[in-house]
Amino acid sequence: MISQEQLSAIKGAKVLMVGAGGIGCELLKTLALSGFQDIHVIDMDTIEVSNLNRQFLFRQSHVGQSKAKVARDAVLRFRPNISITPYHANVKESHFNVNFFKEFDVVLNGLDNLDARRHVNRLCLAADVPLVESGTTGFLGQVTVHLMGKTECYECQPKPAPKTYPVCTITSTPSKFVHCIVWAKDLLFAKLFGDKNQENDLNVRSSDAANSSEHSEDAFECRQDEDIEQYGRRIYDHVFGHNIEVALSNEETWKNRNKPKPIYSNDVLPKKLTNENGNMEKGCATDDVSAMSSLGLKNPQDVWSLAENSRVFLEALRLFFLKREKEIGNLSFDKDDQLAVEFVTAAANIRASSFEIPLHSLFEAKGIAGNIVHAVATTNAIIAGLIVIEAIKVLKKDSNDYRMTYCLEHPSKKMLLMPVEPYEPNKSCYVCSQTPLLLEVNTHRSKLWDFVEKIVKAKLGMNFPLIMQGASILYEVGEDLEEDMVAIYAANLQKTLSELPSQVTSGTVLTIEDLQQEFSCNINIKHREEFDEEKEPDGMLLSGWVEAPVDKDNSKAVGNGESTSNALPAEEILEGEKDVEIQEISVGTENATGRKRKLFEVSKGTTPDHSGLSDERKNHNQIEKLDVDDEDDELIISDDWESLTKKKRL
């Protein structure tokens, strides 16, 4: 039961909710039923059909409408006397500034991406407003509380970078199905249907440069004397046949690898495909632009044969050119684009067949290509309830009772909900502790543009950066800039760091500010001549966080995307690649700030019984920490997709 004190705090509170999706729908409902009277909701998305299975405030008739506005209307039907203010907008828009955030007593996040989370974190720090962060993936979830000066901020622990793969692995030596998916999505699909002027590593080079050049010069240009089927077959033969043969010509590559098998369309399909399938012409007339529909393939969980994949590949390509020709040249892969998913699945499977990699169904391939772990509505509801519990503590100023709570798939110490005390602020955090960062860069080669795009925007998450060296402004973004200053800053972008009016060399300290976020940090520059192109593709290396502790037995970093916890079954551990962090939390173990972090209710007043546990298990009484993404099932998953889709054993 809620006490009178809690009820008073709730009724007088002004709450900002960011996100009205999977968690957001449950959260808005729970806030309203808990007695909150003044709620503001920001969400830039509109409702899609795929949302309806778990976002229960929405109905079929709402598809295409604003999530924030429809959620408000749905809740007001059963709580008509409260105030809910919806904003169909991006939280990063300029009017959602620090002054806006200062209007609220607490901010509750139900976001789906790292960039927006960092942005909200910084605004809350600048406004000195408590933030309750959350996330779910499948049966796993978490709720964390961030309060300026008392607990760690969202960025106190480094977030793992998205998983990338060496270009040579993708183009020449794939060994996993995910490599084939990346090749089909980011190289082949982009080459055929995306920006023709964009650089693409699709064509494999052979030692016979003249022969390779002759064969690939116009491989992706449709010739005047060929129809769509002929063009499709020529593309098929080029990427699955010729390019494989070119790769095989480099014998050194295959000394310790299994050689791939070139595949040509005539080896798999009849010479005249249209005569073999009466549905193909019929497929062109239907409004449902789908290769599966055209070919009579109904179950997305079936694993297609090589011949079926080849048919889907050619039919999908044909439909793109016949039905969506105006879009060609501007397309990028979208997991909600059925035809794109069909094309990528088929292409990846044909390539997988060539390299003797097991084939996958469209359902599985879509999961990998769209980075999907399917959402569970019950998890969202549990997490929403935990958010409200922590929000009430925040409103009562009960900072000693704040908890970071993890929702587990299988019980650990007979608990599915695992609360732990929050960390103190990380003294090395460049966001809330303003610790300087270090950037290793070749100041004679790297341009200011590289620094702005790859570091300031991509890694530091700044939207409106101001870059200064001492009192000199090197770069600034803003609507009120005069034209001559805009021209000067644009010219600076094309100069190397050492060529700038105020030279940036080894030992230089740059100050970077974001005026919207009211956030600034210093970066110490260290000149470095060479970088590993595979491991350091940006040609620069940013550091300054406390490194994650290393498990000596396994030689793996703990707390930055992996877990060595034996408290949970191995099947539950996801190797995060987008916004996933699995943080080691040991009973009585000190964290980077020197403060112990205990298991609430487990370590409080009791001594865990380790009799019967192995020595290894005794040393790893840990809990997963998952900074996971809600909304539309999106989450970058591990390479080992098969292990995540297998039935778990209890």
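These residue numbers are counts, starting from 1, taken along the chain as shown.
Even glycines carry a Cβ here, placed using N, Cα and C.
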Region 'Disordered' according to TrEMBL, located in which of 76-96, 202-222, 496-516: 202-222
Of 569-597, 598-626, the range TrEMBL labels region 'Disordered': 598-626
ASP43 (ATP binding site), number of other Cβ atoms within 10 Å: 26
The domain 'Ubiquitin-activating enzyme SCCH' (326-366) - residue tally per DSSP class, helix then strand then coil: 24 helix, 0 strand, 17 coil
Pairwise Cα distance for ASN53 (ATP binding site)/CYS168 (active site, glycyl thioester intermediate) [Å, integer]: 40
Residue counts (helix, strand, coil, in that order) that DSSP gives for the domain 'Ubiquitin/SUMO-activating enzyme ubiquitin-like' (439-531): 24 helix, 30 strand, 39 coil
Recorded positions compared (CYS153, CYS168, CYS432) - the one with the fewest other Cβ atoms within 10 Å: CYS168
Cβ-Cβ distance under 8 Å to CYS156 (Zn(2+) binding site), same chain, at least six residues away: TYR423, PRO425, ASN426, CYS429, VAL431, CYS432
When distances run from the Cα of CYS168 (active site, glycyl thioester intermediate) to each of the binding-site residues GLY19, GLY22, ASP112, ASP115, CYS153, the nearest one: ASP115
Which of GLY19, GLY22, ASN53, ASP112, CYS429, the listed binding-site residues, has fewest other Cβ atoms within 10 Å: ASN53
Cα distance (Å, whole number) from ASP115 (ATP binding site) to CYS153 (Zn(2+) binding site): 15
